[in-house]
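Below you will find the structure I want to go over with you.
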Amino acid sequence: MKKIIYVLFTIELLIVSLLGLNIVKDNEINNILYNDTTSISVMFKDYKKLNKNYSKWIKDIADENNVAISKYVFNNNEKLSIYTTDTSLNNNIKLKSGKFPNTNSNEFISNINTNNSNNSNQVGKFSTMSKDISILIRDFGKISEVGESGILYISTQNEDTINKILRELNVDRSIFVARLHDRYVNSNLYLNPSIIRDLILIILCFLATIIHYSISVSREASILRLNGYSKLDIIARVIKNIFRIMILSSVTALLIYIIYILKLNIGVRACLYFAMFSIICILINILISILIVGFNSRSSKYVLSLNGKKSYGFVNIMHFTLKIVFVSFLILSINNCILNYNMLQTQLGNLSEWDKAKNVYNLTLKDTGEQSLGKEEVIKNAKIKGFYKNLVEEKDAFLIDSTNFEKLEDGSYMYEINSKGKNPEVSQYGKNIKINKNYLKVNPIYSNGKEIFNLIDYDDKTINLLVPKKLQVHENEIKKEFRELFYFEKIEVENMYNKELNRELNKTKKSDLNVNIIYVDNNQSYFTYNSLVMDDNRNLIDDPIAIIDIDNIDDSFYLSYISRCVYFNSKKLDALADISNIIEAQGVEAHIQSLHAVYNEYGLEINKLEKYLNSEIFTIIIIAISNLMITYNIVASYYERNKYKLYIKKIFGYSTTARSMLLIVSLILTNIIPIGIISTRVDLSNNIILFGLLILVIEVIVSIVLDKIISNSSFNKIIKGEH
């Protein structure tokens, strides 16, 4: 029993330490970025009319109010650039080496060493426990690299100070507008649900074992009580034994933990956190153990204990209940593991297609708190469309909108839902995508073996379609469907705004619009550049109808495209700075604030699946070990309660199986019942039944082995006259 306490407490300590370390790492980043900060949205109405140096103006306001003002730019999920008036971030940054950047210089500090990548501008290094994100901190004087408008973070929540800053910024709202965006007190910390679940299960198993242990030593405690020991003395002796086991567990867990932190290169500071978590864990568990042992040391139980009678009825109910819970979680974890393994294999199989996505970025829009209507929205849409056109012309940006091929939760595709009652192959809501001419440069499509650029009609009243030749028989239906779509996107949406602004309506008729069908060779594919779309077909869409965008629909659609499905190629270290001149020229700094590296996103998706898979494997191991501990407790309780009856059966020649049939049947049922219940409520993998049978076989083998070991121990005690 002591060995089981040792194993369970070691696991509990490791889980608590890992969970605590993650909380500390997240809290450290949150303290640097968001703790007690206020964000404001700032936007230029007319940058050219500003008669002062913007970065110096912001710095002066920050100095005057004794705050740091910063802009955060997430280049991708692994890189954050901070432009700030105070590179110490209000003394939250402690340099490990080097110095802080000089004013208006290209110098920066980072939590990683970038000098190895031929970048000589890093002048200092600070330390963070989290290595998941690289942070580069630059002086606010270089803010023009990423655009002046957007979200600014101020290192205070003092209402008077914030209002004063807003008044200073809003001195001329025809040029520059600033408004409150959000306040941050304590940012939410992510707690891994699977680790929390593992911890709860381990604690339950540990408590059950402590209860079992306290009952197993009740006879010894009763003898001590008869010999004059006080109840407090008895509790102290039992707890002393448990405490020794916990100390040994702590040493074992520390050795494993050190290997883990050395692998992650986190540092000695993590060991101090382990010591803190261990002390807290030991104190809590000792307190709970005192309560359990004290409860089982009641005077009314002493006589029963001396007669060899122990309270195993409650313990058995508790163990069997826990076993059903553990087997249920084990089956669910194995099922999740199988599903994630299959997804991971699919994603890894798609890597060859994703080579073309290297150095490709897509944009994300930042909510600036703007909720303008009418004229302001029209102006914003025009700016976004202008930005899109410049990006297409100067950076060869390409568009692919594959929304119709997104999967819903029930496994059906968007085009199936949208085109109900129609032929999805030719419906305007069906199996079609939207691209632009630049997409055809990165993913060529052929007609009669030749590229189709010279077949595109650039007339403003024409919609261009790439249609597989196999759909030529539906030509009239295709023209009807997509003329309606074109009319909606070009005329009807424009007239919605015209009505709102009391403008003259566009009188263009549906019949005035043309449909230019370019028939392309069959069996051609379009790469989605989206890891979540058509992931079961290497992220390829086969033979859809493709609409070629030529900038001739309403401006409002380009806001949606920019936020989801416009991509460009950049080999620069800072891809956002690479397009900052286009952002600034079109005045869309407030809307376009960050990029995502598409290839990195796919890599992150694989990495996320691998982490999730490893997490599930870890969970399976933890639950499997705990399950075996529970099995041991069940077998031990069974023999403690029935050892005389079983000993008599052994004398009369009963086999091990015949003696323990009730135990074996009980263990089999505790495995079959949860599998049966889960299979009626969860869509289990086909292989889960095999794993269920494997668990059952292992369970029976382990129980037989334990039966041999524990029965010999119990029978030897009977022979020696022990109760």
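Glycine is treated like the rest: Cβ placed from N, Cα and C.
Among the features that TrEMBL reports, transmembrane segment is placed at 5-24, 199-217, 238-260, 272-293, 314-334, 617-639, 660-682, 688-710.
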Using Cβ atoms only, state whether the transmembrane segment (5-24) and the transmembrane segment (660-682) have three or more pairs under 8 Å that are 6 or more apart in sequence.
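In this chain the transmembrane segment (5-24) does not contact the transmembrane segment (660-682) - fewer than 3 Cβ pairs sit under 8 Å.
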State the non-local partners of the transmembrane segment (238-260) in its own chain: residues 6+ outside its ends, Cβ under 8 Å from one of its Cβ atoms.
2, 5-6, 9-10, 13-14, 17-18, 210, 213-214, 217, 221, 270-271, 274, 278, 282, 285-286, 289-290, 293
Quick test of the contact rule: Cβ under 8 Å, at least six residues beyond the ends. What residues does that give for the transmembrane segment (660-682)?
320, 323-325, 327-328, 331-332, 335, 631, 634-635, 638, 646, 688, 692, 695-696, 699-700, 703-704, 707
Apart from its near flanks, which chain residues at least 6 from the ends of the transmembrane segment (314-334) lie with a Cβ under 8 angstroms of it?
197, 201, 204-205, 208, 211-212, 215, 616, 619-620, 623-624, 626-627, 630-631, 633-634, 637-638, 641, 666-667, 670-671, 673-675, 677-678, 682, 684, 688, 691-692, 695
